[in-house]
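Engineer: From TrEMBL, for reference:
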type	residues	note
BINDING	Arg79, Arg104, Asp131, Pro132, Met133, Leu134, Ala135, Thr136, Gly137, Asn138, Thr139, Asp200	5-phospho-alpha-D-ribose 1-diphosphate binding site
BINDING	Ile194, Gly199, Asp200, Ala201	uracil binding site
DOMAIN	6-208	domain 'Phosphoribosyltransferase'
Amino acid sequence: MGTVNVIDHPLIAHKLTLMRRKETSTKNFRQLLDEISMLMAYEVLRDFPVQPVDIETPLEATTGNVIDGKKVVLVPILRAGTGILEGMLRVVPGARVGHIGLYRQPKTLVAVEYYFKMPDELHERDIVVIDPMLATGNTARAAIERIKELAPRSIKFVCLLTCPEGIEGLHRAPPDVPIYTAAIDRELDEHGYIRPGLGDAGDRIFGTR
Ligand code: URA
């Protein structure tokens, strides 16, 4: 069973509460998601391995640490995942970006893939899959199973909100990846929405309905 890390910070709780409010505008929703994503990236990368490097400051030679291995890969699940991407890239500007397009069939909520593009040499890279809402877990699990076929060095999953059903759905064998979230809500409703939630994240990010 993978772990669930709730990134519990007053700034994140405050911004998330503003995002949940139905009267929050598209512009503010996007801005808040961007800010939360930056804060979350900091925690998600906390245990990334570093390697020592010899450098010279203007005064003397010393040894510093840099992140080990090839560049991290951020993988937004289209389309809502792109709402988290910009904020994370601001903290990890050298990251590579893969994309995976999956949609949930409205009746069955089963994930169907329509786009998949990853950087090369994934076996030497750490992957961070991003999607704001971990609801049934079907889409996230399908994305992770697909990425696992390319044998990356590690995989983490980052969302803004989840619920017990989403965690259970993602952690159902075989994908066993750590989840990072800003909150675990009460439940999934019969339409596949997280309650109390914040509504449809993609629609709120892009101003569609
Ligand atoms: N996707 C969303 O955008 N919102 C939910 O509540 C669940 C899935």
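For all residues, glycine too, the Cβ spot is worked out from N, Cα and C.
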Engineer: About how far apart, in whole Å, are the alpha carbons (Cα) of Gly199 (uracil binding site) and Ala135 (5-phospho-alpha-D-ribose 1-diphosphate binding site)?
Structural biologist: 11
Engineer: Sequence gap of 6 or more, Cβ distance under 8 Å: name the residues on the same chain that satisfy this around Gly137 (5-phospho-alpha-D-ribose 1-diphosphate binding site), in order along the sequence.
Structural biologist: Glu165, Gly166, Ile167, Glu168, Gly169, Leu170, His171, Arg172
Engineer: Do you know offhand how many angstrom separate Arg79 (5-phospho-alpha-D-ribose 1-diphosphate binding site) and Ala201 (uracil binding site) by C-alpha?
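Structural biologist: So the Cα of Ala201 (uracil binding site) lies 10 Å away from that of Arg79 (5-phospho-alpha-D-ribose 1-diphosphate binding site).
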Engineer: For Ala135 (5-phospho-alpha-D-ribose 1-diphosphate binding site) and Ile194 (uracil binding site), determine the Cα separation and express it in whole Å.
Structural biologist: 6
Engineer: Which binding-site residues from the list Arg79, Asp131, Gly137, Thr139 come close to ligand 1, meaning a Cβ under 6 Å from one of its atoms?
Structural biologist: none
Engineer: Rounded to a whole number, how many Å is the Cα of Met133 (5-phospho-alpha-D-ribose 1-diphosphate binding site) away from the Cα of Ala201 (uracil binding site)?
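Structural biologist: Here the two Cα atoms lie 7 Å apart.
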Engineer: May I have the list of same-chain residues other than Ile194, Gly199, Asp200, Ala201 whose Cβ is within 8 Å of the Cβ centroid of the recorded uracil site, in sequence order?
Structural biologist: Pro132, Met133, Leu161, Tyr193, Gly197, Leu198, Gly202, Asp203, Arg204
Engineer: Fewest other C-beta atoms within 10 angstroms of its own C-beta: which of the binding-site residues Asp131, Asp200 fits that?
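Structural biologist: It is Asp200 that, of the binding-site residues Asp131, Asp200, has the fewest other Cβ atoms within 10 Å.
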Engineer: Cβ-Cβ under 8 Å from Thr139 (5-phospho-alpha-D-ribose 1-diphosphate binding site), same chain, 6 or more residues apart: which ones?
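Structural biologist: Listed in sequence order, they are Ile77, Leu102, Arg104, Ala111, Asp131.
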